[in-house]
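Participant: If you scroll down you'll find the structure; I have some questions about it.
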Amino acid sequence: MKRIAVLTSGGDAPGMNAAIRAVVRYSIYNGLQVFGVKRGYKGLIEGDLKEMTIPSVGDIIHRGGTILRSARCLEFQEEIGREKALNILNIFKIDGLVAIGGDGTFRGAMALSEMGFPVIGVPGTIDNDLSYTDYTIGFDTSVNTVLDAVTKLRDTTSSHERVSVVQVMGRNCGDIALYAGLGGGAEAVIVPEVEFDMDKLSENVSSSMNRGKNQSIILVAEGVGSAEEICKKLQEKTGLEARTTILGHIQRGGNPTSNDRVLASKLGQKAVQCLIEGKSSRVVGIRSNEIIDMDIHEALKMERKFDMNMYNLINILAR
Ligand code: ATP
């Protein structure tokens, strides 16, 4: 292993820069040359690679987004696109690739590794929807962004004795709602993993307000449906004033938290270590506070476990 390349792909996540920095500097520390690929698999197909140096990743550990940029690339999903990418990797004499991204990025990495090229996946996505790892890079920052918004919303919500329905990111995974819900003292969270009952929710909100609570915050993961509609129904059923807030892409931005920076640095190191050890087709992650690597096929097959204890605790503590 002499030359490696690194790319970020799919949705950007705070901490991706810290991961790039770790990959670049740990590679150079180990005597490897390292190339940055612009715009994920798109840049790989187009040959948009540039050698990275120690200063090229200076002053980025604290920045959100990704200096390598990210893109979605349909062409890479076809074998012909991946052949082009493989050709570029050969032209640049790259021996291994670190792909930082989510589920889709890993499927791309798996397909490339099945063509005989060593690839290691690093989980970078705010959704925390990869089952094999307890946390993904960007998730903690995103939860903190939501918490900050919820804290601000509490001021206005309590002043007007209202209900706030806040839509957060998470298509198939309700973890952002779950963690921000527990940390933010939400009345309830509505997530794709648990069927929700509008009547029960309305009853709970009404009884909480009747016992003297001056505000209720409800977090809705976007995959469940329209927060606007839930808000309207809640207003009709409870007779309380309710407002919707859709947080949107703000959840993707901002300076990464210490947790994300530390995780990204450790996972970046682990990915390079895997390549140096001659491993391929692996993903790195964290489980029970330990940095691990595992087979990418197995990782993608694993079923997500939703933390029902946390979900129940939110409801218990809101009463
Ligand atoms: P996020 O979870 O933040 O959305 P992601 O990595 O899942 O991130 P995707 O857009 O799903 O984001 O995937 C990123 C890129 O990975 C795609 O644009 C495509 O180039 C590649 N990709 C996705 N699925 C496959 C697949 N089945 N085979 C090959 N490449 C794929």
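Indices start at 1 and increase along the chain as displayed.
A Cβ is built for glycine as well, from the same backbone N, Cα and C atoms used for every other residue.
The domain 'Phosphofructokinase' feature in TrEMBL is assigned to 3-275. Feature annotation from TrEMBL assigns ATP binding site to Gly11, Arg72, Cys73, Gly102, Asp103, Gly104, Thr105. Positions annotated as ADP binding site by TrEMBL: Arg21, Ala22, Val23, Val24, Arg25, Arg154, Gly185, Ala186, Glu187, Arg211, Lys213, Asn214, Gln215. TrEMBL lists Asp103 with the feature Mg(2+) binding site. Summarising the annotation, TrEMBL assigns substrate binding site to Thr125, Ile126, Asp127, Arg162, Met169, Gly170, Arg171, Glu222, Arg243, His249, Ile250, Gln251, Arg252. What TrEMBL records for Asp127 is active site, proton acceptor.
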Participant: So which of the binding-site residues Val23, Asp103, Thr105, Met169, Arg171, Gly185 sit close to ligand 1, that is, with a CB under 6 Å from an atom of it?
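Facilitator: Asp103, Thr105, in sequence order.
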Participant: Whole-number Å only: compute the distance from the Cα of Arg21 (ADP binding site) to the Cα of Gly104 (ATP binding site).
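Facilitator: Roughly 22 Å, rounded to the nearest whole number.
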Participant: Quick one: of Arg171, Arg243, which of the binding-site residues has the smallest count of other CB atoms within 10 A?
Facilitator: Arg171
Participant: Across the record's ATP-binding residues Gly11, Arg72, Cys73, Gly102, Asp103, Gly104, Thr105, the largest CA-CA distance in angstrom?
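Facilitator: Maximum Cα-Cα distance: 14 Å.
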Participant: Among the binding-site residues listed here, Val23, Cys73, Met169, Ile250, whose Cβ has the fewest other Cβ atoms inside 10 Å?
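Facilitator: Comparing Cβ neighbour counts within 10 Å for the binding-site residues Val23, Cys73, Met169, Ile250 gives Ile250.
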Participant: Could you give the maximum C-alpha to C-alpha distance in Å for the residues Arg21, Ala22, Val23, Val24, Arg25, Arg154, Gly185, Ala186, Glu187, Arg211, Lys213, Asn214, Gln215 that bind ADP per the record?
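Facilitator: Maximum Cα-Cα distance: 57 Å.
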Participant: Cα-Cα, whole number of Å: Asp127 (substrate binding site) versus Gln215 (ADP binding site)?
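Facilitator: Rounded to a whole number, the Cα-Cα distance is 27 Å.
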Participant: Fewest other C-beta atoms within 10 angstroms of its own C-beta: which of the binding-site residues Arg25, Lys213 fits that?
Facilitator: Lys213
Participant: Among the binding-site residues Arg21, Arg72, which residue has its Cβ surrounded by the fewest other Cβ atoms within 10 Å?
Facilitator: Arg72
Participant: Can you tell me which of the binding-site residues Arg72, Cys73, Thr105 is spatially closest to Ile250 (substrate binding site)? Compare CA atoms only.
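Facilitator: If we rank Arg72, Cys73, Thr105 by Cα distance to Ile250 (substrate binding site), first place goes to Arg72.
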